Amino acid sequence: MKVLVLNAGSSSQKSCLYDLPHTQLPQEPPQPLWEAQIDWPHGGDGAKLKIKTVHHRHEKTLQGGSRSEDSARMLETLYSGETRVIADPSEIEMVGHRVVHGGEAYRESTRITPEVKAAIDQLARFAPVHNPANLAGIEALEALLGPQVPQIAVFDTAFHSRLPAAAYVYPGPYEWLDQGIRRYGFHGISHRYCAERAAQILGRDLAQLRLITCHLGNGCSLAAVQGGFSIDTTMGFTPLEGLMMGSRSGSVDPGILIHLMRQADYTVDKLDHILNQASGLEGVSGISNDLRPLFKAIDEGNARAKLALDIYIHRLRAGIGAMAVSLGGLDALIFTAGVGENAAPVRAGACEALGFLGVALDPQKNNGRPRDADIAAADSAVRVLVIHTQEDWAIARECWQHLRR
């Protein structure tokens with residue numbers, strides 16, 4: 001069966017086509033037949049389209065079109081031109097969508113109906129950047145394939161839906177909870193995939209493991225996983241809470257924001273921009289939200305770049321410690337996403353302070369470009385894994401499982 005996965009974001013859109021057997025899922029993530037990505041630059045200079053198949057790679061700039069038109073042109077490459085992998089869109093049997101916010105109602109993936117679309121739209125007040133883009137992708141595929149092709153919403157918040165009340169209720173007025181103001185958590189598709197993959201690598205029952213998954217990309221979050229579910233996480237009501245990130249501040253004293261509004265006439269929109277787009281690694285270093293140029297600047301003696309990295313690692317260590325306390329112990333620590341998978345100094349810096357938990361790295365393994373591998377020292381009481389997160393495959397797998405229900 002052919003399953004199309006769409007991951008629609010605010011500034012990019014990713015898509016994959018998988019060909020899966022009807023009888024049994026493969027143990028290892030298969031190579032997609034077709035992969036595509038559109039990036040929309042802030043300056044509006046034309047969308048960058050990249051297509052990859054087993055036999056071809058294709059890149060071009062799309063000029064003059066709307067986002068919906070760009071998306072349609074991306075999907076056309078599935079069944080036309082040199083990147084064609086199917087004869088007709090009717091070969092697609094199911095579509096899976098990443099939907100960022102499912103609120104309290106959606107604790108697992110669900111088939112998309114008019115009611116589900118209305119709920120995604122209504123929840124856009126909590127995710128104003130992402131949920132509208134997710135909904136636009138759903139409607140674009142419905143227009144292309146027709147309403148008879150099942151579409152599945154896989155929610156980023158669902159993995160955290162079993163948080164205990166002590167973890168998700170904020171210590172403000174209780175009435176906030178009635179307004180939907182609570183911790184939701186994000187990156188759930190990635191956290192769940194990495195937890196399940198860790199159990200597979202370790203040859204252990206996931207239900208018996210205490211895990212901390214560290215999703216470190218431009219956005220960063222931790223999850224404490226016990227019994228196969230998230231019981232604590234660092235992101236909150238929005239993806240702004242928690243760890244220091246690429247351009248997001250993570251948690252800061254709310255009194256700072258009150259001070260800036262009173263004493264410096266900061267508007268809500270200005271604070272929103274600063275906290276989400278001009279803070280984190282970029283804000284402290286003044287260089288970039290990407291660690292690679294920061295490492296280069298540190299080597300050249302740049303003190304602000306060094307400070308940015310020091311804060312990043314300090315807050316990562318503190319977050320891991322907090323998650324370990326929520327778990328009451330730790331069996332494995334997992335690093336994933338762009339920074340987690342590729343930045344050996346970050347992994348080393350985090351683990352250096354975790355000896356009291358029994359964490360010990362093997363430096364050679366850590367520096368050896370590990371992928372889906374254990375990089376802990378032989379005598380480490382806690383396993384340390386680097387796992388390549390595969391959210392698209394996780395979504396395709398959810399679609400396959402829906403057909404079996």
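In case you wondered, yes, glycine gets a Cβ from its N, Cα and C as well.
Annotation source Swiss-Prot lists active site, proton donor/acceptor at Asp156, citing sequence analysis. Per Swiss-Prot, Mg(2+) binding site is recorded for Asn7, Glu391. What Swiss-Prot lists as ATP binding site is Lys14, His215, Leu216, Gly217, Asn218, Gly219, Asp290, Leu291, Arg292, Gly338, Val339, Gly340, Glu341, Asn342, and the listing cites sequence analysis. Sequence annotations record features per position, and here Swiss-Prot assigns substrate binding site to Arg98. Residues annotated as site 'Transition state stabilizer' in Swiss-Prot, with sequence analysis given as evidence: His187, Arg248.
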Least buried by Cβ count (within 10 Å) of the binding-site residues Asn7, Asn218:
Asn218
Which ones, of the recorded positions Asn7, His187, Arg248, Glu391, have a Cα no more than 10 Å from the Cα of Lys14 (ATP binding site)?
Asn7
Taking only C-alpha atoms and a 10 A limit, tell me which of Arg98, Asn218, Arg248, Asp290, Val339, Glu341 are near Glu391 (Mg(2+) binding site). These are the recorded positions.
Arg98
Restricting the comparison to the recorded positions Asn7, His187, Leu216, Asp290, Arg292, which residue's C-alpha is spatially nearest the C-alpha of Arg98 (substrate binding site)?
Asn7
For each of Asp156, Asp290, Glu341, Glu391, count the other CB atoms within 10 A of its CB; which of these recorded positions has the top count?
Asp156
Report, in whole Å, the straight Cα-to-Cα distance of His187 (site 'Transition state stabilizer') from Leu216 (ATP binding site).
10
Among Lys14, His215, Leu216, Gly217, Asn218, Gly219, Asp290, Leu291, Arg292, Gly338, Val339, Gly340, Glu341, Asn342, the annotated ATP contacts, find the widest CA pair distance and round it to a whole Å.
23
Alpha-carbon spacing, Arg248 (site 'Transition state stabilizer') to Val339 (ATP binding site), which is rounded to whole Å:
15
Largest tally of Cβ atoms lying within 10 Å of a Cβ, found at which of the recorded positions Lys14, Arg98, His187, Arg248, Arg292:
His187
Quick one: of the recorded positions Asn7, Asp156, His187, which has its CA closest to the CA of Arg292 (ATP binding site)?
His187
Mind telling me which of the binding-site residues Leu216, Val339 has the densest Cβ neighbourhood, counting other Cβ atoms within 10 Å?
Leu216
